[in-house]
Amino acid sequence: MQKSPEFAKELLRALRGRSELKSDITKTELHDFWCRMTDSCYYSRIQIFFDMCDRDMDGSIDELDIKQMILLSASTNKLSLTHEEVEEYAALIMDVLDTDELGYIDLPQVETLLKIGLSKDQSLATAPHSMTSHRHDRLGFGPSGPNRNPMLRGEALLRANWRRVWFVLLWLIVCLVLFTWKFIQYRQRAAFEVMGYCVCTAKGAAETLKFNMAVILLPVCRNTVTWLRTSHPINSVIPFNDNINFHKLVASGIVIGVILHGGIHLVCDFPRISGSDWSIFRQTIGARFQYHQPSYIDILATIEVASGITMVILMAVAFSLATKWPRRQSSPLPRSVRRVTGYNTFWYSHHLFVFVYALLIVHSMFLFLTNNVYEKTTWMYIAFPVLLYTGERIFRAVRSGFYNVKILRASTYPGKVLFLSFSKPDGFVYRSGMSIYVQCPQISPFEWHPFSLTSGPNEDHLSVHIRSLGDWSYDLYSIFQEALLSRANKYPKLYIDGPYGAASQDYVKYDIVVLIGLGIGATPFLSILKDVMHKMDSEIDTGEYRHTKGPSKAYLFWVTREHSSFAWFQDFIRDVSKKTSQNQWAVEMHNFLTCMYKEDDARAALLSAIQVLYHAKRGTDIISKTPVRTHFARPNWFRIFLKLSRRHRGARIGVFYCGASGLARELESLCTKFSTKTATRFVFHKEHY
């Protein structure tokens, strides 16, 4: 009640049984109120709710009382209702309950009203025996299919993560082999007599640095990664969905390598060179220094060391600005720091690596411990990745210039969401779940930002939904809003690049998919649902099952905190609902509004009842304004997964998620749990941006 002061005030008035309110409560009153509210008798609670509605305490509730209660419930649940809507909902209640046309309702009618609200089915709807269920039976995923035995937890984790595990192990093994090889090599050299194991460790770390500076470019070669995804044998063993995570992992390996290589040189190797015995120095490494024993300062002034220190400084700047808090301008950072951080700072600072790679070549050419060209192998490591990445950047720039994109439609929605529809360029072929990069030269000629395609592959246009979450997207929203208000239909020039692969693209591997989006995170899944519906349309048109690749059943769980968010995808939801009403059960949608209280909460009970009555009469939900009814409060994911595991016993279900990391951990844990406890297999995928 702390979050609902107005509702609490009305509850207190109802409990006291009179309209006036005192500012304090006695112990006796508190005990009496507590007993009445916690009474196990259902009818005592209905009486309390009745008293809350009956503001004039005359023992009956008229239409005005209902209007006031609707407004109170709506404001408590942060729901905006117009005067006309309140009038319509109150009249609907009176029309249904006041059958004798007395102009009021009493306690029995209120009980009926509350039971209507609680009767709303919050479970997954049961699909009828349709073409989809026949298809499940043929694939062995229906009740008549095989009943697999539950797995052990270790087996489930291994099945879900084996590609990540072997790939990371391979990377670690290569790093360890390179380190050991160079360590042993320098253990047998004359330099060991002067610097000992310090030089062995530093040179071993240097060898891993060469390797990692080459590998770190490969995961961000977008076109190459997208192309490799299309190969089933390669995609089945390499975890392309974790390319950004692997990029970060290699970056951490570079940090460790820099600390070992540079740190040991500075605190161990260089002091030993400048302070070693002259005779030992002359007999071992003196020739490399023209038999002049350098001081510590002399060593720091060499091209090798100066270039290395410069590299470390540039890398420290780029790495620091690429971490989570500076990149997202997080609140824990001081305000003065937040002003100079953000995505743009991260993006531009990352291009310091152009100078880092140039300095890396210079650094490797002036080694003072060796004069053999065949040992200066840095260029051999980085030549191919640098050329590949450079070629990709040139290809992307040229391709985006050739794409002739015309904006067909632009719309703005509540929550600063911009919808854009483009003409599809010639030769632009993509799959559901893919994304494109968008550039607006009017804002910046250098910035490209990724957005999921919300159009289906079979459609003759491209579309994206962009929510203003940063300075670039906010500027883009403002420009288009100004263009729409001027009605000049002169939109700014946009360039697109793509398409690029994403985790959602793997939905075709499963016969059942569960798509979970938080807020604007639902965008990657709209294209998937359109594709599923299109394939189902084709099967119905031909009248036969054609064994098309992809899911035959898709569940969408869209969770949002503001009811105005439903305006973003209203047209899409209406279209899908219209098709599912025509005996197509390929798609099942569930919307959740988290700012509302649960249906069995007194603060939302009246709205729940109105929702049921209005949907029965008009076929439209009072919140989403679509045929899909909205669930109140947060989803009970455990219950949802339980029902899915029972409905699709023995199936392999792909769970795709786009949203905050906190829920991702919960969903991944549930996938593992139900894969080990039931015969259904849940495989978790998360979008990474």
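Note that Cβ sites are derived from N, Cα and C of the backbone, with glycine treated the same way.
Note that TrEMBL annotation is computational and uncurated.
As annotated by TrEMBL, domain 'EF-hand' applies to 41-76. Annotation comment: TrEMBL describes 400-506 as domain 'FAD-binding FR-type'. TrEMBL lists 165-184, 299-325, 346-366, 378-395 with the feature transmembrane segment.
For the domain 'EF-hand' (41-76), the DSSP-based tally of helix, strand and coil residues reads 26 helix, 2 strand, 8 coil. Cβ atoms under 8 Å from those of the transmembrane segment (299-325) belong to residues 251, 254-255, 258, 262, 265, 270, 273-274, 332-333, 341, 345-346, 349-350, 352-353, 355-356, 359-360, 362-363, 366-368 of the same chain, restricted to positions at least 6 beyond its ends. Below 8 angstroms of C-beta separation, residues 158, 200-201, 203-208, 210-212, 215, 237-239, 246, 249-250, 253 of the same chain, each at least six residues beyond the ends of the transmembrane segment (165-184), sit close to that stretch. Sequence-distant contacts of the transmembrane segment (378-395) (same chain, at least 6 residues past either end, Cβ-Cβ under 8 Å): 210-211, 213-215, 217-218, 220-224, 357, 360-361, 363-364.
Helix first, then strand, then coil: DSSP counts for the domain 'FAD-binding FR-type' (400-506) stand at 23 helix, 36 strand, 48 coil.
Confidence over the domain 'EF-hand' (41-76), given as mean pLDDT on the 0 to 100 scale, stands at 87.
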